[in-house]
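What TrEMBL says about this protein:
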type	residues	note
COILED	569-620	coiled coil
COMPBIAS	1-16	compositional bias 'Basic and acidic residues'
DOMAIN	23-78	domain 'L27'
DOMAIN	79-136	domain 'L27'
DOMAIN	153-234	domain 'PDZ'
DOMAIN	241-311	domain 'SH3'
DOMAIN	426-615	domain 'Guanylate kinase-like'
REGION	1-23	region 'Disordered'
Amino acid sequence: IQTDKGADPPDKKDMKPSTATNPENGLSGILRLVLQELNLFYSRDVTGVCLLYDLLHSPWLQALLKVYDCLQEFKEKKLTPATTHAQTLSNEVVGILRGTPKSPETRELKQILQAPHFKALLRAHDTVAQKDFEPLLPPLPDNIPDSEEAMRIVCLVKNQQPLGATIKRHEMTGEILVARVIHGGLAERSGLLYAGDKLVEVNGVSVEGLDPEQVIHILAMSRGTIMFKVVPVSAPPVNSQKMVYVRAMTEYWPQEDPAIPCMDAGLSFQKGDILQIVDQNDALWWQARKISDLGTCAGLIPSNHLMKRKQREFWWSQPYQPHTHLKSTISISMEEEDDMKIDEKCVEADEETFESEELSEDKEEFVGNDRKFFIAGFRRSMRLCRRKAHLRQQRAGFCSASCCVSASGAPYEEVVRYQRRPSDKHRLIVLVGPSGVGVNELRRQLIEHNPSHFQSAVPHTTRSKKSFEVDGREYHYVSKETFESLMYSHRMLEYGEYKGRLYGTSVDAAQAVLDEGKICVLDLEPQGIQIARTHDLKPYVIFIKPSNMSYMKQSRKNAKIITDYFVDMKFKDEDLQAMEDLAQKMETQFGQFFDHVIVNDNLQDARAQLLSAVQKAQEEPQWVPAAWVSSDAEPQ
Ligand SMILES: Nc1ncnc2c1ncn2[C@@H]1O[C@H](COP(=O)(O)OP(=O)(O)OP(=O)(O)O)[C@@H](O)[C@H]1O
């Protein structure tokens, strides 16, 4: 029997018991059984078995598992030291060794016991064993007056990290108080300093009459151990609040906030960051950590209430608030009618009429090799209608980053981990991106990849049905009244008008796909995301982003876009530039809603990334608004 490396055949004798104490149980015991099983297959030519055998048999893995088992065992035990005087014992052994005949073993043992590191280890062991943790305090003087307040002396060893506490002066008494203790910081970990403690001395210097800045200066100049003398707060605050997770719907930079009590203690965050709120005791300043950085100490962020106030102040301080950002649909407003007319002329001046464009597209919508199927939601009129919305946004300058903080929008959204159960409906997949970036191309490819699994929603229109069309296949053909009632009851994810007809995608159309057990894949204007964000649809939003200009020029050489003027037009440099600008604006304004971002440079890579993101959205736990998770879905 030969492995690749020419290893000897396995021998059951080699397999020693895995743990000294309990060889049959534990991971290494299981490994031993697996090895026995594999041994039976080893002589047969089973692909990969030899490799697996060698892996499981490797001494490093065995050693690792033994360590694991030992740790598991000790985790359950309450360890008690065998002796509290290991140092004395060690010294005695060294004395005895001196009187014994010399041998290599005794020499080695003597060397080990006398090595400084080993001695330090035994000293640490004895300190722990004797529970000798308290610092030695000088005896209290006998003549303390009765009125003397109880003091606590706190020694903290300052290393690279900040102390993790802030101080303030009491408005009435002028005393210096500990204002807050930052979670996870040095002060909090010591368990000796609390918010409300009165500072009396720092390193022997009285703080009476000093400004907080002067005290901070003393602290900043101190090195090594810092000694605080404090009068403890009568009732230390207890943090009984439960840990809350939120998604930041806005960004925050402490460096730019003159109101923050301590800039160094501030936590900066960006839109979409998930934050763990660890302390909400203060009505104005919360303490939080980013979930990407849970190991670090917490930082200060404005509370929900304070952030809303800041947003309102900022909002009203802006000289002019354009109304574009308030629109949640792609509807075309009256003032754009002139533009529309020009556009219509251009379309009509093109080789064919609008009607024949619709016809020419029919073939494209039937795809599949063996079995032909129809993909709804790719009709040119619908896409032209959206392109107009894009153009309108570009002309209106979209919405500048500064004006996008709504005066009323919640700055934080409570989120929970949600894992879709196999019996749950799928999450809606929403693709968002600037016009021409490839949203439709990717959506089409995803659906074609597995049409029985992925499906688009059938849009609604008020135009009349053509002879070759089927109601509910190309469109749901509805009256203007029906369409408008869907619009006004917020049942339209997006809608727009093109050539006097209304086009749009309804919530119910998306829901119908999900009800069939399929994954609904939509292409939405970012304004539509808000309407889609419901418990029923649980949308997972993927932002499709253009790559850099030079790569785009190269990769889009043969690509065609739909414009108002021409049906299939090659990309011009201005189109690519506009796409980049719009992508940036979309990210600034709607980035908080994006669950995933894909840069569409190489189409194949982008498609693979999309497929994997869609699978993860359905199969792996994700942060979703807490309001989406009710009794039908347990948080993970
Ligand atoms: N990664 C890519 N490499 C090369 N060509 C691409 C890539 N992605 C998309 N394209 C091409 O770019 C063109 C525009 O793509 P697509 O029609 O999907 O744009 P879109 O984002 O849906 O915009 P619109 O909503 O305005 O139609 C198409 O010809 C498409 O095949």
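Positions of Cβ are set from backbone N, Cα and C atoms, glycine also.
Note that this is a predicted model, so its numbers are computed, not measured.
For the domain 'L27' (79-136), the number of residues in each DSSP class (helix H, G, I; strand E, B; coil) is 39 helix, 0 strand, 19 coil.
Looking at the domain 'SH3' (241-311) alone, the prediction's average pLDDT is 90. With respect to Cβ pairs under 8 Å, the domain 'PDZ' (153-234) is most closely packed against 241-311, considering the stretches 23-78, 79-136, 241-311. Within the domain 'PDZ' (153-234), the DSSP-based counts of helix, strand and coil residues read 15 helix, 30 strand, 37 coil. Sorting each residue of the domain 'SH3' (241-311) by its DSSP state yields 17 helix, 24 strand, 30 coil. Across the domain 'L27' (23-78), the DSSP tally of helix, strand and coil residues reads 44 helix, 0 strand, 12 coil.
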